[in-house]
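Asker: Just lifted these from Swiss-Prot, have a look:
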{"type": "BINDING", "residues": "21, 133, 351", "note": "substrate binding site"}
{"type": "BINDING", "residues": "108, 109, 182, 207, 208, 209, 210, 234, 235, 236, 237", "note": "pyridoxal 5'-phosphate binding site"}
{"type": "MOD_RES", "residues": "237", "note": "N6-(pyridoxal phosphate)lysine"}
C-alpha cells in the first residue's frame, strides 16, 4: 500500500468512465485558428468572443505597462501592490459599467468564491439558479449559509421561494445568477430578477462573465442601467485578457476590500495584464459592428444546425450547446470535427448534467459566415455520414 494509491485509483476510475482530462499544447495561429500537433484548426470553442486576445493594441499596452511598472505587483494590493495602474483601469471600468465604483480581482473563479462568502453570514440565505457555474456553487458552499436552488431561468419559482422565506429570520437574502449561462448560452430575465430583488428586499448578484464585451450598451453587459447590487465579470473572455472585476457602489467596494479573502491574501495582477485590460476597455465600446456580426453568425448557425436535427437548447447568444446526449457521442463528434479541421471540445459530466453531453460551440467575431457554414456542413456530415 502506498499513501498515494488513492491518486491512481481516482485516475483509473476516470479512465474507465472516459472522463480523464488531459492537456494538449495549443499555439495561436492567424485569425480564429490554432495549431495543435502541427495541424491548423479553426477554433470554435474559445471564449475570445471579440477576437481581442492577439489585438496589437492589447499587446502593445501590455508591454508598455510592464516597462513602466515591472513584471509583477510584488504583493497584495493592501500591502504595496496597489500600483496606480489599478486606479486607472477601475475608474474606466466603473464609467463604462455605469456604477459608482469597480474593483479588479484576479480571476472569475476567485471572484465568485470570495464575493459570496463576503456578502453572507451564517444566518443568510442564497437563492441560486440551478444551472449556475461551478465557481458560484463553490462560493455558495464557502459562504456556509443556507442555499436554495431555483429552477433554471424561472422567475416565477424564484418569486415563490422569496415569498416562502420572507419571515424565516434570515439576516439577508441574496439572489445569484449568470446573465449569459456558460454551458447553455441562454440569458436570464434581468428585468424580472431585478424587480423581484427590489420587491422582496433581496440582494442581487449577477455574473456577467460571458456577457461582458458582447451584450448591453457598449458591450458592457446585460446589467448596465439595471438595479443590480453586485455585478461580477471577467476580462478573459470578451475582453481578450485575464482577470475579473466587481462593479458596485462605493460602499460595497470598500466592504469587499475589507472582507474578500481572495482579494486580501492574493498578490495583485501583473501590470502587463492591467495594460491589456486597459486597452480592451478602450476598444470594446466601439465594437458594435463586431458584436452584431458575432450574434448574427450565431443565429445563422442555430438555424443551420436545426435543419440537421441538432438540439441547441434555448441558446440566444454566441454560445451554442450542440447536445448529443451520451459522453461517447460527444467524444466521437469532437474527433470527427477535428478531422474536418475544427477544434470543438466535448463537454461532459460533471460540467453538464448526465445524458446532456455536448459540443459547446462558442463563436468569435473573427469567424466569417463561410467559416460558420463550413462548421454547419461538418456537423451535418456527422449526422448523415
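A Cβ is built for glycine as well, from the same backbone N, Cα and C atoms used for every other residue.
Keep in mind it's a predicted model, so treat the numbers as computed, not measured.
Just tell me what is around each of these and how deep it sits.
Answerer: Long-range Cβ proximity for residue 21 (substrate binding site), meaning a same-chain Cβ under 8 A and a gap of 6 or more residues, is found for 14.
According to DSSP, residue 208 (pyridoxal 5'-phosphate binding site) is assigned to coil rather than to any helix or strand.
DSSP assigns residue 237 (pyridoxal 5'-phosphate binding site) to coil, not to a helix or a strand.
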Asker: For residue 108 (pyridoxal 5'-phosphate binding site), name the DSSP secondary structure in the helix/strand/coil scheme.
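Answerer: The residue in question, residue 108 (pyridoxal 5'-phosphate binding site), is helix (DSSP, three-state).
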Asker: I need the CA-to-CA distance for residue 133 (substrate binding site) versus residue 108 (pyridoxal 5'-phosphate binding site), whole Å please.
Answerer: 10
Asker: Quick one, of the binding-site residues 133, 210, 237, which Cβ has the fewest other Cβ within 10 Å?
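Answerer: Minimum Cβ neighbour count within 10 Å, taken over the binding-site residues 133, 210, 237, occurs at 133.
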Asker: Quick check: with 108, 109, 182, 207, 208, 209, 210, 234, 235, 236, 237 left out, which same-chain residues have Cβ atoms within 8 Å of the centroid of the pyridoxal 5'-phosphate site Cβ atoms?
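Answerer: Going along the sequence, the neighbours come out as 47, 212, 232, 233, 244.
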